[in-house]
Ligand SMILES: Nc1ncnc2c1ncn2[C@@H]1O[C@H](COP(=O)(O)OP(=O)(O)O)[C@@H](O)[C@H]1O
Ligand SMILES: [Mg+2]
């Protein structure tokens, strides 16, 4: 694709106008921060989602590679989740210094103690990658196993870009078919419906666990509206505090919340310490885990998605204990960037000497937590000096440098010419009931593009925009 900065300014204005109209009419929207009630009342204070005006070039080879990895990672998550000892051992040092991870591990231990088995297992995942410019390698940033956002809106961005490319085919000279079909919302809804069917109770509902005042609610409503319209499955939305207040487990393990029987619990909250401001939220989490409802994710799937587990899996010979197929193992390993724990003294020494080549990550999700550049060096030196256990709260990762490209971003109706980098997220779903794998598939994608001067990639956190891709 040519440089969008060179597109005639009048054409850009037309494209922006059409993109804004399209987004408003097709529900590519988020709650507007400037409107107080926008996170509380649907339909109040909506604004178009922040977007890239045109899709970004992405090589077809690495696109195919990312798609092929999806079912393999799903299987890997499932296998790892079944190894309770591996999860507990891997996170044992983190547990001592990270109160949040420690609470999650306590719930996990309790499930091990009572011998809780999850026969029906559902994962809705997003594996994020960056394409390293120098080596041209597709490298995994992280694998999200809880609350993966933008499966509802991601597919709309692809549709928007396809529409713009076909309306303006003459002027732009681009082929809309090069934007891969993206069915993220309908695919996730379909697998949620299949999980609901496995639960075998026609009057039960899907419960979406939400943050109070969620402004990214339309992304979630896309899934639940599709669930209702296409699959006739009802859903309810509850915060962790509401679940604590209104939830109970019946003698046979059934979870009831507000009088409704819950077949599937779909978490769009519960991944960050701030989601648990009091004991009430932790009680709700434990209650759900103890119940017979299908959890997306279960505590084991959640822990499998931690950064510490990612780093452990990257150690020699660890993948081999979870996957048997040599090709699969090779494919997964190929996308692993360098990952180290802070007790690796050589890695720490190298990171102090060359901090710009590393990222330091705590066990957190949701963006805005990583340490970059000189702060890596300072933090490592401080930890060394203090000789504290706190180092176990972090992992070190090779910093990936994707190509910087010119792009046009639209936020709040205003268009910005920027230089940016992209991160490709591949959605995938895994559903099994005992020995039967019902779904294991790639479910569309999300490209996130962020201004190249910003280190973090969160769209909700305000650093990035939603994007799609144009295969080259
Ligand atoms: N190794 C890396 N190299 C370059 N950028 C990275 C790296 N790891 C993370 N980032 C950037 O930081 C963001 C947040 O990191 P991530 O591991 O995805 O944590 P979170 O759970 O907060 O999303 C990513 O979206 C990406 O933009
Ligand atoms: Mg991330």
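Indices start at 1 and increase along the chain as displayed.
Cβ atoms are placed via backbone N, Cα and C, with glycine included.
Those TrEMBL annotations? Automatic predictions, nothing curated.
Here's what TrEMBL has on this protein:
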type	residues	note
BINDING	126, 146-149, 214-216, 220, 268-271, 448, 450, 459-460	substrate binding site
BINDING	142, 144, 365	Mg(2+) binding site
BINDING	142, 307, 361-370, 372, 397-400, 423, 456	ATP binding site
DOMAIN	204-303	domain 'Glutathione synthase substrate-binding'
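Sequence features annotated in TrEMBL and their locations in the structure.
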{"residue": "126", "record": "substrate binding site", "DSSP class": "strand"}
{"residue": "142", "record": "Mg(2+) binding site", "DSSP class": "strand"}
{"residue": "148", "record": "substrate binding site", "DSSP class": "coil"}
{"residue": "215", "record": "substrate binding site", "DSSP class": "coil"}
{"residue": "268", "record": "substrate binding site", "DSSP class": "coil"}
{"residue": "365", "record": "Mg(2+) binding site", "DSSP class": "coil"}
{"residue": "372", "record": "ATP binding site", "DSSP class": "strand"}
{"residue": "399", "record": "ATP binding site", "DSSP class": "coil"}
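Checking the binding-site residues 268, 368, 399 against ligand 2 with a 6 Å cutoff on the Cβ atom leaves no residue at all. For ligand 1, the nearby binding-site residues are 142, 365, 399; that is, of 142, 268, 365, 399, these have a C-beta under 6 Å from one of its atoms. Annotated pair residue 126 (substrate binding site) and residue 144 (Mg(2+) binding site), C-alpha to C-alpha distance, rounded: 5 Å. Residues within less than 8 Å, Cβ to Cβ, of residue 399 (ATP binding site) and separated from it by at least 6 positions along the same chain comprise 356, 357, 358, 359, 372.
The Cβ centroid of 142, 144, 365 marks the Mg(2+) site; residues of that chain outside this set whose Cβ lies within 8 Å of it are 126, 128, 143, 145, 146, 148, 271, 305, 307, 366, given in sequence order. Across the domain 'Glutathione synthase substrate-binding' (204-303), DSSP assigns 42 helix, 26 strand, 32 coil.
Averaged over the domain 'Glutathione synthase substrate-binding' (204-303), the predicted model reaches a pLDDT of 98.
By the criterion of other Cβ atoms within 10 Å of the residue's own Cβ, the least surrounded of the binding-site residues 362, 368 is 368. Here the CA atom of residue 271 (substrate binding site) lies 6 Å from the CA atom of residue 365 (Mg(2+) binding site). Using a 10 Å radius centred on the Cβ of residue 144 (Mg(2+) binding site) and all shown protein chains, the other Cβ atoms total 20.
Not a single one of the binding-site residues 142, 144, 268 has a C-alpha within 10 angstroms of the C-alpha of residue 368 (ATP binding site). In sequence order, 127, 128, 305, 307, 310 make up the list of same-chain residues 6 or more apart from residue 142 (Mg(2+) binding site) whose Cβ falls under 8 Å from its Cβ. Cβ neighbour count for residue 372 (ATP binding site) (all protein chains, 10 Å cutoff from its Cβ): 14. Other Cβ atoms within 10 Å of the Cβ of residue 268 (substrate binding site) number 21 in total over all chains. Here the binding-site residues are 126, 215, and the one whose Cβ sees the fewest other Cβ atoms within 10 Å is 215. Ranked by how many other Cβ atoms sit within 10 Å of their Cβ, the binding-site residues 148, 271, 365 place 365 at the bottom.
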